[in-house]
């Protein structure tokens, strides 16, 4: 039943599967079965984060699926997690990773990402708030956070470190002070947000590029009726019919051929399996260009909060907000 998987290689020599299982928005009670099923059908890459609130269940699934007596070794599974914004202070970074390792029941991660470039107020509140509903920030410099993350590699707690939701200027900042280079950049990426410049930049600087929400996050709670729907694009539907594949498989194949790692989220077995079955066909160069031409720099994932009764972008006012730059 298992499908062969293709990989990209990090500068560390690690191999990261081009398709992984995303776990954002996967509810406790569902995510354990989803991870177990995914590992059973051949997934070898699980993408996690502390803020998703489900790492304990993900850990149970890994424990029940991986081990010398289960035919799947720990070394065969690539596990990513992410440092949340309230733990950016250098003194908090190691504790944050150790908490994730405890929840996942692992001795080490394959990759640990800084989830966002800006810090929230130190403490145990995941979303510390001001009285008006806005977020309480902290001015910890991400370069100082990075230096603390480098120590985690030297301690053997993670094999590689990387960045999420950083722009080019911010990645340059990190590279300028790094003694352990970032191995991966993870950002939103799909045909409406093709990220061509950022992908080219990453590949030129030795970073593997991972795209989250590769299907356009159709299950996002803040969806508006007027938002464009990627899975309903006529050209994508036509290609799906031509190849006898789902629209999701066409979108994921496009990323595979661009050497972009994708982490589609699902808790539905049929979709988990479908999302993985993208290595047995290829899109033509013309089809790749047609999909690429859908780019409109449309960002689905902009966290929103309610401030004084109005819905506003959560972090757009922060000086380190990454999405004001062109890329």
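Any Cβ shown, glycine's included, is placed from N, Cα and C.
Residues or ranges marked as active site, proton donor by Swiss-Prot on the basis of similarity to another entry: 52. Residue 52 (active site, proton donor) counts 21 other C-beta atoms within 10 Å of its own C-beta, drawing on all protein chains shown.
Within 10 Å of the Cβ of residue 21 (NADP(+) binding site) there are 28 other Cβ atoms, across all protein chains. Swiss-Prot lists 13-24, 47, 164-165, 213, 215, 217, 265-268, 271, 274-275 with the feature NADP(+) binding site, giving similarity to another entry as the kind of evidence.
Taken from Swiss-Prot, the feature site 'Lowers pKa of active site Tyr' covers 82, and the record attributes it to similarity to another entry. Taking Cβ-Cβ distances under 8 Å and a sequence separation of 6 or more, the neighbours of residue 82 (site 'Lowers pKa of active site Tyr') in its chain are 48, 49, 50, 51, 112, 113, 114, 115, 164.
Comparing Cα positions, residue 52 (active site, proton donor) lies closest to 215 out of the binding-site residues 13, 17, 215. For residue 275 (NADP(+) binding site), the count of additional Cβ atoms within 10 Å of its Cβ stands at 27 [all protein chains shown]. When each of the binding-site residues 215, 267 is scored by how many other Cβ atoms sit within 10 Å of its Cβ, 267 comes out lowest. Around residue 17 (NADP(+) binding site), taking its Cβ as the centre, 22 other Cβ atoms fall within 10 Å, counting all chains.
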